[in-house]
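A.B. asks: I am attaching a structure below and will ask some questions about it afterwards.
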Amino acid sequence: MFKMVSSPHTHSGKLTAHIMLWAILAMMPAFFTQIYYFGFGVVLQSALAIGTAIIAEFIAIKLRGKKPLNYLSDFSVALTALILAMAIPPYAPYWIIIIGTLCAVLLGKQVYGGLGQNPFNPAMIGYVILLISFPLQMTTWMPPINLLQEPPTFSDAFSLIFSGLTTDGFTLSQLTHNIDGITQATPLDSAKIFYKSHTQLNDFYELIKLPIFMGNGTDFAQGWWQINVAFLAGGIFLILKRVIHWQIPVAMLVTFFCLATATAFTGFTHLSAISQLVSGAMMFGAFFIATDPVTASITPRGKIIFGALVGLFVYLIRYHGNYPDGVAFAILLSNICVPLIDHYTRPRVSGYPTKGRK
């Protein structure tokens, strides 16, 4: 006798653990690029995040009466922790990443029943909670370490994260005192300050002469565009490996680029559209966060609509909101719309009566 099983009867052969490991591997170019430009802080933040995430997930699954090792072996919690660790300032206090990781794992994932049940991206839940609750710590960024007279060593990074001082007793602001201009803000922050208030910089060309930009007349942000290109390379790798689909990142980036380009013709002073694409978390969000298979749309047309919606929200927040980046908020707002998008884009079952026909 044959045993009857439910569909699907064929599958891609990709296990969840394999997908998560491919995603982690694809993040490594950006991970090492971030170390090169911003120091060892991201290494320590990642270790703290992954350790906290594993402990939190273990306890949560144990309390639900299930076997933790069966769930931890899919590496999804490690990917969530790594995404959050790479999204926060590298030298944020240790308790920032611990709180954010606990919120991501417990409030963003386990409270809904675990992997596959959460409607919102867990890492972005943790990030947004941190950004709203601790805005100072979450917006204090060190400029690229090649601009510093004394770049922080691994020991300095450890000391800064756990005590707020380097091994020589210097604070983060004291390390950057020799750099002119805005030193503890991202280039997107600097541009936002510029076009909202002309009292800080006389004209846009003075802005892009700041050391945090390339200093050659372009508005590409030093360190940031290299990290975004690394995320782009990793994202293309995931598409070629068929770990993610192309529709979401392409729709997101094209929508944002078109809106940003159109805005440039209105005289609304801001960074160029191309510079916007390689600033902040744009490529990170497009290829590694918005493409989360659990919280994104599942239909081909729905993926395009979802990606375009994320791009629209990023544009609205960056150009007209109070936050300089907006990728995290854009993804969470778009996650809300996923059930509606899937409802209207799901293909009809063969033989199902269409509207107006009996």
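Cβ from N, Cα, C; glycine included.
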A.B. asks: Under Swiss-Prot, which of the candidate ranges 192-212, 297-317 is annotated transmembrane segment?
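C.D. replies: Among 192-212, 297-317, the range Swiss-Prot annotates as transmembrane segment is 297-317.
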A.B. asks: Establish whether the number of Cβ pairs under 8 Å between the transmembrane segment (321-341) and the transmembrane segment (125-145) reaches at least three, counting only pairs separated by 6 or more residues.
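C.D. replies: Answer yes, regions in contact.
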A.B. asks: Check the transmembrane segment (220-240) against the transmembrane segment (79-99) for contact, please; criterion is three or more CB pairs under 8 Å, pairs 6 or more apart in sequence.
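C.D. replies: Taking Cβ pairs at least 6 residues apart, the transmembrane segment (79-99) and the transmembrane segment (220-240) are not in contact, as fewer than 3 fall under 8 Å.
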A.B. asks: Please tell me whether the transmembrane segment (125-145) and the transmembrane segment (248-268) touch - that is, whether there are at least 3 C-beta pairs under 8 Å between them, with each pair 6 or more apart in sequence.
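C.D. replies: Per Cβ check, the transmembrane segment (125-145) does not touch the transmembrane segment (248-268).
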